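J.: I have a structure I would like to understand better, so I am pasting it below and will then ask my questions one at a time.
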Amino acid sequence: MGPWRCLLLLSLLATALRAQQQQFMEYMERRLTLLEERISQWHDQSSRYSTELRDFKNQVLGMLETAEKEREAMRSEAESAAVRVDRLEREVDYLETQNPAPPCVEVDETLMEKQVATAKQRKNEKYTKLTDCSDTIASIRAMKILKRFGSTSGLWTKDAAGNSEKIYVFDGTANDTVYVFPRMREFTLFSATRKAARIKLPYPWVGTGHLVYDGHLYYIRQQGPFQVIKFNLANKTVVDSSVFPAEEQIPVFGLSPFTYIEVAADEEGLWAIYATKEDEKNICLAKLDPTSLDIEQMWDTPCPRENAEGAFVVCGALHVVYNTPLPSRSRVQCVFDVSGTLAPEDASLVYFPKRYGSHSGMKYSPRERQIYAWDDGYQIIYRMEMKKKLEV
């Protein structure tokens, strides 16, 4: 092959290589341009997604803030509603106290006359004690103020015979709803009555002379003559009722004109403390049969009604508590022992600590040897120091 042919071949090869290189460069430029376009699209999409995510985050934060404000508003409304409900309950309790349900049970006049005649035959007979209890009060050992609850007048107590720890609260002097707290702790800690169970009685009570004894509530109802109602607290039914066999009754305590009969309990059983126009100056005492509500015996005591604010029985001896029309310091100033072991003039003069007003309810617990008292809306416990009657 001649030289000129070699030069021609090299020239052709160079031309072909330049053409291929140009095509390759154009191909790479197209690929790079396409890649740049895709990168630009990805950048645009990423920016859009970031913006949308930021907007969504701001929207969620706003919703959470709104929800928190609504939650706080609902909590405030719930607290306000609870306050209104509590106030409404107190108003309803007050209205129920001021407007008791009307009685609807008729009294058997013949039965009442027979009971009065039988009771008079047993009046002032000698009493035979059922137990060997011979204690009397030496002094008030301690006073504990639990709380302030309800009206200025009322009664609170435990079961005087059973082992139950339930607290029974009778708010006011004319009502038909009993509040029951499971233990002393619940009664002390909680102020609202919604924490307590409620027992609706079939007839309203009068006064503060009620008694819880061996699972039953004994309370006084007035429809013409006074009736003693025996109410089963477990099944919430009236077990028995009896017209109290005393004529022309008057308030038993001069300083507590709302109480006509005080039902009391001690180591000997059930008692009724009352007064009549026949002997309007002094207080009378009767022994009750807790099963039949019959009067077993009756006594005229030397204890005057004037300035008396309450009374209770300890070991068969009536203890009458006195005060002054302008409340001062209460004191046990008259004691009447049905067994004759302790003469009234030999009894110790026992003073109660100075308090707020005067007692509207006083219940002796023979099991605990203490008194549950209601003083101007305050619930108080008096723990007593006892001694034998023969040591007085």
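Keep in mind that glycine also has a Cβ here, set from the backbone N, Cα and C atoms.
Note that TrEMBL annotation is computational and uncurated.
As listed in TrEMBL for this protein:
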- 1-19: signal peptide (SIGNAL)
- 25-98: coiled coil (COILED)
- 132-388: domain 'Olfactomedin-like' (DOMAIN)
- Cys133-Cys315: disulfide bond (DISULFID)
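Walk me through the surroundings of each of these features.
T.: Averaged across the coiled coil (25-98), pLDDT in this predicted model comes to 81.
Taking Cβ-Cβ distances under 8 Å and a sequence separation of 6 or more, the neighbours of Cys315 (disulfide bond) in its chain are Thr131, Cys133, Ser134, Asp135, Thr136, Asp266, Glu267, Glu268, Lys389.
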J.: What is the number of other Cβ atoms found within 10 Å of the Cβ of Cys133 (disulfide bond)?
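T.: Summing over all protein chains shown, Cys133 (disulfide bond) has 18 other Cβ atoms within 10 Å.
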